[in-house]
Amino acid sequence: GVADCSKCGEKVSAPCFSCAEYCGFYLHKVCAAAPLEINHPFHRDHPLVLMQKPPYSFGTYICDFCDKTCEKFFYHCPDLDFHIKCALFTFNIAENNLKELEHFVCQDPLVSTKNDDEELEEVRKCFGCWEPLANYTHISPYCGFNLHKKCAELPLELSNICHCQHPLVLQFNSERLSCKICKVTQKRGFVYGCSSCKLVFHIECLSPPLDLAIEDESHQHTFTRLLRRVPYICDACGIEGIYNAYICCTCNIMVHKRCTSLPRIIKSKWHDHCIFHKYFLRNDFKSSSCTICHDEVNPKHGSYSCSYCNIKFHLRCVTEEKGLYSVVSLENEYEISNGGLEILSDKSVESATCVFERNDAGEATKIKHFKHLHDLKLSPFVGGYENNCDGCMLPISEPFYYCLECVFFLHKVCAELPKVKHVWHHPCQQPLSLISNKAFCCGMCWHVSNAFAYECCKCETKICLRCMTAFTPGARTCLKHEHPLFFYRDYKGRCNACSLPTWAAFCCKDCNFVLHRGCFSLPITAHHKCDVHLLSLTDHDDNSYSESHYCDICEESRDPNCWFYHCAACDTSAHVGCVLGQYPFFKLGSIYEDKNHPHPLTIVNKIYYYPECDKCGKLCEDLALECSKSDCKYIIHWNCAASRSLQRWWEWLL
């Protein structure tokens, strides 16, 4: 029959060992003979110890060789984790036990670079250097591993002109160092390194190049190889290179080998328009920071830019993740204007509004939004408003549009969002479409809402407008901070608003102010039945008397260092969560269709005179659905009426 090996988790094939009592315990012959400890030549710092359970709280590990998860036996040291098969495979390579590999020379059709099947991408790459297999004779030791023949026969040590002080040793890149030549960090496979100097070199970077001259359609001239003994700055990406450079004498530029084939035009999920690669930018280019990492972009070095929006990107930032951009064919999809490579806008960006009137400055003053029945007019007023934006459900503020016939408001930034949008923070390759009047749970902030949202055409994940606008690249304004905030994906620290740890946050470049995603979108003002006035979001407590640090709603203690809602007139203070409740972004008064009731239901928030829920019998003290017909007294909790999937989401969040 079919069984799995109890050590490596893969299918057992004969010859193998099995339990004499037939309890379902099987072992490959190789797994049964696996040593308890391996002194691996590619990792001389620590021995690799065979373990049954990972020493991690989440119970799984990721193999540092094949990058796949496993819950079975594995070899472990403080720096590395390996499947049994990966550890033994690499050990045989290191010991030059090629007979143990049972390899054979093959020409596998799966390694063809013309095959675009994503599932075969790793099969087309060498497990030693992670370079494509198609250009070299390769060997396939057994299912799951493919190697260049030259990578299977690599020497353990070598001397190279790139590092004359010490011999370079074949090893794993356990410290995740970037290659000294190409500056790219290769997490998997083999590298040559010097432990005493803390540097590594990719195998391909040390190999003598076969191509002394390179021609590529992305550049109109030929690149010629130049061996240099001193560092240089690549004119294509702005990153330092060493030893192996390619030059174009016509354009007077020097680049890395990998930068000789950079696409001239790409469409990135970080931006709505196409962006162009330029070796040098004009002096009048206003933007000085990368839209992704927010660090300065040197105009003397190569970068990607959008001249229409006057913004630019570091090459390494915008091309770091292959799934976030695609190469554009200029001839087929985009316009050429003024005889150059300037693009006005992406043709896939379709506006959600139709403009009827503009003022002298060209600003739209009267529009029709495709998600509302009536015309909207740009507000000429300045001042505070108690209404919320029907798009993002945050308090309305200038500039905004209002409906001429009903109570409907849209922030100008919410009204100008396109019908369809590509975003960097959603894993699917499909675009997101603008929707409204659907009850949903946001896939980023996890708040339940029925306002505007963007829905993925593939996985149907929905993202609210607060998250969509907040994560649009660029500076963001927070009314509780004087400086603009920028979103950093890799930030680790604590939020100034709630004091909780955060692994991605909005940070100020001028000071240590930090807000995590949820606190960034908190409403500045809010209503609550505990006070007749609007409560204002407050970032500090001037009262030093400890007895005053409590919440007037739940009557529990309150951390004075955390943000809270406060009414100065009544001296009311309350936790943020107590004021906002479970559903702060639900649009009251809108219609909800329930299959279990014949009439349309209105979304209400019962503050006084709580009726009993028609389903569970408990008092409706919060969000509820009430029949819109006056002679029908039907009312039901939102939790009782919500779909099963939405209820599961909310229970998981709680």
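Any Cβ shown, glycine's included, is placed from N, Cα and C.
Automatic prediction, not curation, is the source of TrEMBL annotations.
Database features, via TrEMBL:
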DOMAIN    220-274  domain 'Phorbol-ester/DAG-type'
DOMAIN    276-325  domain 'Phorbol-ester/DAG-type'
DOMAIN    480-530  domain 'Phorbol-ester/DAG-type'
Mean of the pLDDT scores, which run from 0 to 100, over the domain 'Phorbol-ester/DAG-type' (220-274): 80
For the domain 'Phorbol-ester/DAG-type' (480-530), the number of residues DSSP places in helix, strand and coil: 4 helix, 19 strand, 28 coil
DSSP helix/strand/coil residue counts for the domain 'Phorbol-ester/DAG-type' (276-325): 7 helix, 14 strand, 29 coil
Residue counts (helix, strand, coil, in that order) that DSSP gives for the domain 'Phorbol-ester/DAG-type' (220-274): 4 helix, 27 strand, 24 coil
